[in-house]
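First the structure, in the form of structure tokens, and then the observations on it.
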Amino acid sequence: MSNQMTDSTSAGSGTEHSVDTNTALKAGSPNDLKVSHEEDLNDLEKTAEETLQQKPAKEYIFVSLCCVMVAFGGFVFGWDTGTISGFVNQTDFLRRFGQEKADGSHYLSNVRTGLIVSIFNIGCAVGGIVLSNIGDRWGRRIGLITVIIIYVIGIIIQIASVDKWYQYFIGRIISGLGVGGITVLSPMLISETAPKHLRGTLVSCYQLMITFGIFLGYCTNYGTKNYSNSVQWRVPLGLCFAWAIFMVLGMMFVPESARFLVETDQIEEARKSLAKTNKVSIDDPVVKYELLKIQSSIELEKAAGNASWGELITGKPSMFRRTLMGIMIQSLQQLTGDNYFFYYGTTIFQSVGMDDSFETSIVLGIVNFASTFFALYTVDHFGRRNCLLYGCVGMVACYVVYASVGVTRLWPDGPDHPDISSKGAGNCMIVFACFYIFCFATTWAPIAYVVISESYPLRVKGKAMAIASASNWIWGFLIGFFTPFITSAIHFYYGYVFMGCMVFAFFYVYFFVPETKGLTLEEVNEMYSEGVLPWKSSSWVPSSRRGAEYDVDALQHDDKPWYKAML
């Protein structure tokens, strides 16, 4: 990046003065950075920190509610996941979009099932890359409203489908485009709005809403399964209009991202946004300090010119590593195998002899939703790295039991092996499926979004998050499409495949994912600039908070062999 930048004039002030070397470094700026402000940055930082420490918890209610409203975008995604798993087993849906057997009953072939379930993910991948640009151009709020409208268009096409499966298929692609944009813009707006000490928890609310949507989707399927007509699936789809209207209305009360406003030179609006989210006046030291930090960071990024897609590979500091990390984390989140249960949970538990597999899916949904509340605590108390690592260990253990019981005691081709089939074994598998979902919901489910939302500088954030999210959707498509074929071929041995992925994920997180707990987005950038080793990153301290004896070199090198460094 360039070591020079132009003078910046702060709104509401006609004076300029230079910031000394230490102050410039604190702001993440080059030494000759000039800013417009009445107070020295050192004094502002001290005053702002004192103000924040004295703020009662109730002062964060408004910004928390705003972030929860934005996180409701996750509910839209979860609702689709929870309902589609039931649709593919409902009689009216099978009659309209399936194929007829010789006995007059209807079924969905593996190909058609895979396409209907998984094509949504392809739409999401494209929407995440293409439609998320609306947020960079017109703002995060306008971007979210736009993609919600696209989502509704897709829902209308699905509801209007009568007996042509490809019409329903097209509707799922279009609704996927909208949800793909939501999955990028929602965590992005939350991470840019939330106070740093609450950011992990509030970004995790996005995953909480996903689990809430999955749970209510399961419940709605259970409530409509006894109907014999299109009420079975059209009512759950029709409820999507209510969710869309609720979110659009909510966007009217959510302040725009201050970082976006500063980037588009709307300084006064940024000041108002910061004041609104912090529940203070626009002249408060907290607003002045946060605005100055954002300005200095963005001015530095603008000095290097507009970000290109190629900068995700060639950019500094460590942009290729950070881009690859986002792709890997989002890919591995899918390779945990969660959608194996969520997309096909009803089908799976039919195969193990459960009397009402819809009820079993509701149990999984309850565990998933309840566990995510625990994640709101763990993400900011145990750190991102530790949660991901512990999650890998827990899920590996669950898959060992789940798959081993499945391949030794249960056979999907039950009549061929009636002597070794066991309903008790099926119950055991459900228990460990619940343990697995607890491990997933408290670790990888929310933290994957937290990690990518706070790993990139603003200049490339939209593009980097879009690429990372696209990798998640592509793997979601592959798992959703091929799961019917794989389970038909290897049955419950499939669990060992996901177990192997989690073993790989453990080592990847340990060696390549740094700890970002408690850091501002600008401080994360500074950590990457200093080349801190990921397994030592939890000990890293930003330059603005270091003592005289702080040794950053010790965090950049490790003389121990890798296997000792892990212990």
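Here the Cβ of each residue, glycine as well, is placed from N, Cα and C on the backbone.
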Swiss-Prot: matching membrane side for Gly383 and Lys463: yes
In contact by Cβ distance (the transmembrane segment (467-487), the transmembrane segment (142-162); 3 or more pairs under 8 Å): no
Close approaches to the transmembrane segment (494-514) from elsewhere in its chain (Cβ under 8 angstroms; 6 or more beyond its ends): 321, 325, 328-329, 332, 335-337, 340, 384-385, 388-389, 392-393, 395-396, 399-400, 402-403, 406, 451, 483, 486-487, 527-528, 532, 534-535, 537, 540, 562, 566
Long-range Cβ neighbours of the transmembrane segment (114-134) (under 8 Å; 6 or more residues past either end): 80, 84-85, 88, 97, 108, 142-143, 146-147, 150, 154, 165, 168-169, 172-181, 183-185, 188, 343-344, 462, 465-467, 469-470, 473-474, 476-485
Feature contact check the transmembrane segment (430-450) with the transmembrane segment (359-379), CB under 8 Å, 3 or more pairs: yes
